[in-house]
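Below is one structure, written out as C-alpha cells; the observations come after it.
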Amino acid sequence: MQNTPILPPSMLGILGGGQLGRMFTVAAKNMGYKVTVLDPDPNAPAAEFADRHLCAAFDDEAALNELAQCAAVTTEFENVNADAMRFLARRTTVSPSGDCVAIAQNRIQEKAWIRKAGLQTAPYQAVCKAEDITEASAEFLPGILKTATLGYDGKGQIRVKTLEELQTAFAAHGGVDCVLEKMVDLRGEISVIVCRLNSDNVQTFDPAENIHENGILAYSIVPARLPQDIQQQARQMARRLADELDYVGVLAVEMFVVGDTHELVVNEIAPRPHNSGHHTIDACAASQFQQQVRIMCHLPPADTRLLSACCMANILGDVWQEDGGEPDWLPLQSDTASFLHLYGKKAARKGRKMGHFVTLAHDADAAFAKAADLHGKL
Ligand code: ADP
Ligand code: MG
C-alpha cells in the first residue's frame, strides 16, 4: 500500500449506500472529494449525494472494475464478499483490509480472535452440528444461541434455558453454524470507536453508553455514566484490538459491563463507523465519518474530543403513521439544541432505521432525558 496522502478532489469509493454510506458521502463531499457508491438499490440513501451510483450487485465484476478506478475504497458494512474486497485490493487502496472485515463476519472467528488478543468474551461454545450439543453445553445455559453469520439488530438469536431448548433452537436456525453464549449479568452496554491509521496514529472516541429496545439500539449516551477508570480501560481494550489486527480505518468495539465489579467483556466488533457513533457528527471535534475519509486517504485521524454531553436517539419506521404519514417533526425541530438527521429512505417499515437525532445538554442525564422526551413526541 502506498502511503502518499490522497487529496481532494480525488474520487473515493464505498461498498454500500445505506445510511452509513450516506453520512460518509456527505463528509467526503464536504471535504471536497468526489464519491462513487456501489449499491444494488436504486433508492440507496447515499446515492442522493454521491457523484456516481453504480447500481449493481456487490459481486458484479464490471461494477467492481469501475469502483477500482477510485483513489481509495472503503466499506459501510461487514457482510461484503471477501473475494470482492480482494479483487479491489489488487487494483486500488482498500481499507479496512478484507481480512479484518472477514473476522467480523463470523461470530466464531470473531470471538476466538478477541480472546487471542487477550481480552474477555462471554463464555461460549461453537455449535456447528447437532453432536456439538452435549451435557457439557449446560455450562453455557441459560444462554443465547446466535447464528455465526448475518445476524444484526438481535436477528438470528434464540434464548435457551435447557439442553432440549438448545437442540430445538439449533434446528430452528436450520443447522447453520452457531455460537452458544452464556447469559452474562449485564449491567450496561458500551461501545468504543477506534480510528487507526497505523501504530503511531490512533484515536479513540469517548465510550458511548448504549440502550437497546427489542434488540435494536435506541439511545447512545455520551459520556457513558460509568467510572472514569472503567472508561479508560474500555478505550485501551478497543485500542488493543485495533493494534492486534493492524487495523486501518474506523473500528467499533461493543462491550458488556458485567456484574458489580463492572468487568468489561467484548461482545462484537464492526469494521466500520457504527450507529453508536452518530453523535460524533454533532458533538465531537471530528465525526466518525470524517475519520473514515481521512484514514482511507492516509491522513492521520483527527481530534476525537467530545465537545458536549449528548444523547443520540434512533428514529425507526415505527413512528410513521399507518398510511406512511410523517411523524410530527415540529417539537424536535423547534428545539435549538437537538439535531435531526433523516436518511431519505422511501418506505418506513417497523424496525427500519429511518433517521436519528442528537440532543446536546449540560450532562449525560439531562441529554438522555431530553432525547427520551422528544422521541416520545414523534
Ligand atoms: P447483534 O448483532 O444483533 O447486535 P449482539 O450479539 O450484539 O447481536 O446481541 C444483541 C443484544 O442482545 C446485545 O446488545 C445485548 O443486549 C443482548 N445480549 C447478547 N448477548 C448477550 C449475553 N451473552 N448476555 C446477556 N445479554 C446479551
Ligand atoms: Mg450488537
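Glycine is treated like the rest: Cβ placed from N, Cα and C.
Since the structure is predicted, the reported quantities are computational estimates derived from the model, not experimental observations.
Look at TrEMBL and you will find Arg107, Lys146, 151-157, 181-184, Glu189, His212, 267-268 tagged as ATP binding site. Residues annotated as domain 'ATP-grasp' in TrEMBL: 111-297.
For the domain 'ATP-grasp' (111-297), the model's pLDDT averages out at 96. Around the Cβ of Val184 (ATP binding site), a 10 Å sphere holds 19 further Cβ atoms from the protein chains shown. Ligand 1 lies under 6 Å from the Cβ of Glu181, Val184, Asn267, out of the binding-site residues Arg107, Glu181, Val184, Asn267. Listed binding-site residues: Arg107, Lys155; maximum Cβ neighbour count within 10 Å falls on Arg107.
Cβ-based neighbour count (10 Å, all protein chains) for Tyr152 (ATP binding site) stands at 13. DSSP gives Glu181 (ATP binding site) a strand state. Glu181 (ATP binding site) is surrounded by 20 other CB atoms, counting those within 10 A of its CB over all protein chains shown. Around Asn267 (ATP binding site), the C-beta neighbours below 8 angstroms that are at least 6 residues distant in the chain are Thr121, Ala122, Glu189, Glu254, Met255, Phe256.
DSSP assigns Asn267 (ATP binding site) to a strand in the three-state reduction. Reduced to three states, the DSSP call for Arg107 (ATP binding site) is helix.
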